[in-house]
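Novice: I'd like to ask you about the structure that follows.
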Amino acid sequence: MMETAADALASGTVPLEMTQTQIFEAIQGDTLLASSLWINIALAGLSILLFVYMGRNLEDPRAQLIFVATLMVPLVSISSYTGLVSGLTVSFLEMPAGHALAGQEVLTPWGRYLTWALSTPMILVALGLLAGSNATKLFTAVTADIGMCVTGLAAALTTSSYLLRWVWYVISCAFFVVVLYVLLAEWAEDAEVAGTAEIFNTLKLLTVVLWLGYPIFWALGAEGLAVLDVAVTSWAYSGMDIVAKYLFAFLLLRWVVDNERTVAGMAAGLGAPLARCAPADD
């Protein structure tokens, strides 16, 4: 039974009557799929320990806030990937007419959207603070990002209409365009003023290039065109998560630790450089 379920998972389909326990056993029976999840749990755990050690001596409030934001990334990931590997946040949905797997129950690891909805805003908070951005731009980026993740989840869970799955996908991509605009235009200018352009541009490019991969693999995976099976898509997502989250957070936190005085001198508040703060009247 377990081998049959594992084979079904590898092909992107599972029988409708599978329980959570059976899904868990089937995931463990698919080496490619299981390894894509367990490796993230392991790396997230190591990242948490490393980041706590790296940020232990930070004293500036802005630097500490960046540290907390970066630390939240692996904390969210380890929770989410544990949910995935246990089968708790994995379901199987019958694909609508028009889908390449129409009528089949397709494995849907919707727990990934929980990861993205909680971790990617933390990445943006850290980047916004690094750029010296104001609260309005930060709020815009974070809310658009959450909208992107929620509508992406809607695309994955919609089974009533194949067309509506793609409508949700387009809406999600529209939110993504807003995030890209803030990153590439608004925050790039802010970072120049703040004097953090070099590290910001490195992290910006890393983020943009990798984040562009997520909608591409969604479209190619079982949730979209079904060109790639579930295990391959899972590894694609996991690989991008490793670089876009753990490596990103490490590079940012290392820079903040080495340049805490620069961070401390950037602003008294979001988007308010110290040099521009007028003294209070006597």
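The backbone N, Cα and C atoms fix where each Cβ goes, glycine too.
Pulled these from Swiss-Prot:
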TOPO_DOM  1-29  topological domain 'Extracellular'
TRANSMEM  30-55  transmembrane segment
TOPO_DOM  56-61  topological domain 'Cytoplasmic'
TRANSMEM  62-85  transmembrane segment
TOPO_DOM  86-109  topological domain 'Extracellular'
TRANSMEM  110-131  transmembrane segment
TRANSMEM  135-158  transmembrane segment
TRANSMEM  162-184  transmembrane segment
TOPO_DOM  185-196  topological domain 'Cytoplasmic'
TRANSMEM  197-220  transmembrane segment
TOPO_DOM  221-229  topological domain 'Extracellular'
TRANSMEM  230-258  transmembrane segment
MOD_RES   K245  N6-(retinylidene)lysine
TOPO_DOM  259-282  topological domain 'Cytoplasmic'
Novice: Select the range from 30-55, 62-85, 110-131, 135-158, 162-184 that forms the most Cβ-Cβ pairs under 8 Å with the transmembrane segment (230-258).
Specialist: 30-55
Novice: Look up the residue listed as 'N6-(retinylidene)lysine' in the DSSP assignment and reduce it to helix, strand or coil.
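Specialist: DSSP call for the residue listed as 'N6-(retinylidene)lysine': helix.
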Novice: If you average pLDDT over the topological domain 'Cytoplasmic' (185-196), what do you get?
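Specialist: Per the prediction, mean pLDDT sits at 94 for the topological domain 'Cytoplasmic' (185-196).
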Novice: Same chain, outside the transmembrane segment (197-220) by at least 6, Cβ under 8 Å from its Cβ: which residues?
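Specialist: For the transmembrane segment (197-220), the nonlocal Cβ contacts are 116, 120, 123, 127, 130-131, 152, 155-156, 169, 172-173, 176, 179-180, 183-184, 187-188, 191, 227-228, 233, 236-237, 240, 243-244, 247-248, 251-252, 255.
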Novice: When the topological domain 'Extracellular' (86-109) is classified with DSSP, how many of its residues are helical, how many are strand and how many are coil?
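Specialist: DSSP composition of the topological domain 'Extracellular' (86-109): 1 helix, 8 strand, 15 coil.
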Novice: Return the residues near the residue listed as 'N6-(retinylidene)lysine', defined as same-chain residues 6+ apart in sequence whose C-beta is under 8 angstroms from its C-beta, sorted by sequence, else 'none'.
Specialist: V73, P74, S77, S119, I123
Novice: In the same chain, which residue numbers or ranges, 6 or more beyond the ends of the transmembrane segment (30-55), come under 8 angstroms Cβ to Cβ?
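Specialist: Non-local partners: 6, 9-10, 64, 67, 70-71, 73-75, 77-78, 81-82, 84-85, 230-232, 234-235, 237-238, 241-242, 246, 249-250, 253-254, 256-257.
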Novice: Reported in the order helix, strand, coil, what are the DSSP residue counts of the topological domain 'Cytoplasmic' (56-61)?
Specialist: 1 helix, 0 strand, 5 coil
